[in-house]
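Okay, structure first, notes after.
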């Protein structure tokens, strides 16, 4: 009798087996997931308050502390992507009317400024053209002029391929009564970062880049200075889901008995745990060196092909994501489509301020190999022969 009430039939596409092609993901993320991490994510589900899951969360916390090089007790993984961690940082640090200085040299500064404005913060922007980075003098000038409570800056600007130097910025911020918030989604594990030594107050990343886990969990850590700022809030954070007070308790960061906050993505945590374990086994310094060497090899190969690197200064090139200008006579969409269709390989076009201007090639985590450098260079040579607009 109930079936006569149905007006929507079972979708035919869901009655067919799931089909997922094999592709080499050499864009700005996500990266391919190694078998070991796939296997971890495919383990049987456990309850989000089971002691075995809480133990995995403790191991994740220790892995993040290693990856970030911090001893901060308020260290955990947000149940969400890197965007979620960005919102968690800004939602918890800022209150309505607080002044935040956002260093904008690509899309991530633009998005941080957008989020902060939605919070009712007083947003001031420090601007650099895409492909450039901020000097300590630039930062100090902004701190003196705007007197912010928080400075946001991107360590690895994936839309432009810039690696932002961080040395001295934490000390500079603290001298001016400001907290330093750093986005390391695209750089963690691929370029040196030392949260405690560089006096970074809030640092966050994502699971799907160098850590080679599926997207959906985002490491984050707050210094004692930042934690004290949270405790002095006059109002509650506008998001219950991202309230660091609740999350700190669930992750065992406050010394109190753990309480239910939300149903965490347990299998994503299993995957993240294995990604952090693989980084720990390899060692941070070895990971940094591998990414540096393969980026250097890729950049040399691209210039040998007559292509122009978007980031002029070698020291400012992000080791995980290389940007190259789209050559004259080509459309970036033709090149990326050709590589996908003929080589089963993903590279990406520009994002935000670099749309239509660059190609972005990612070599992250287990994808950062000399063999993959050779594969993408060979595929690009093929594309440049076939995709010139005069041939289409």
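Keep in mind that glycine also has a Cβ here, set from the backbone N, Cα and C atoms.
Just so you know, TrEMBL annotations are computer predictions that nobody has curated.
Counting only residues at least six positions away in the same chain, the Cβ atoms of 27, 28, 158, 159, 161, 321, 322, 323, 347, 348, 349, 350, 351, 354 sit under 8 Å from the Cβ of residue 360 (substrate binding site). Annotated substrate binding site per TrEMBL: 360, in sequence order.
According to TrEMBL, the feature domain 'Aminotransferase class V' maps to 45-374. If you take every residue in the domain 'Aminotransferase class V' (45-374) and average the pLDDT, you get 97.
Per TrEMBL, the feature N6-(pyridoxal phosphate)lysine maps to 209. Counting every protein chain shown, the number of other Cβ atoms lying within 10 Å of the Cβ of residue 209 (N6-(pyridoxal phosphate)lysine) is 30.
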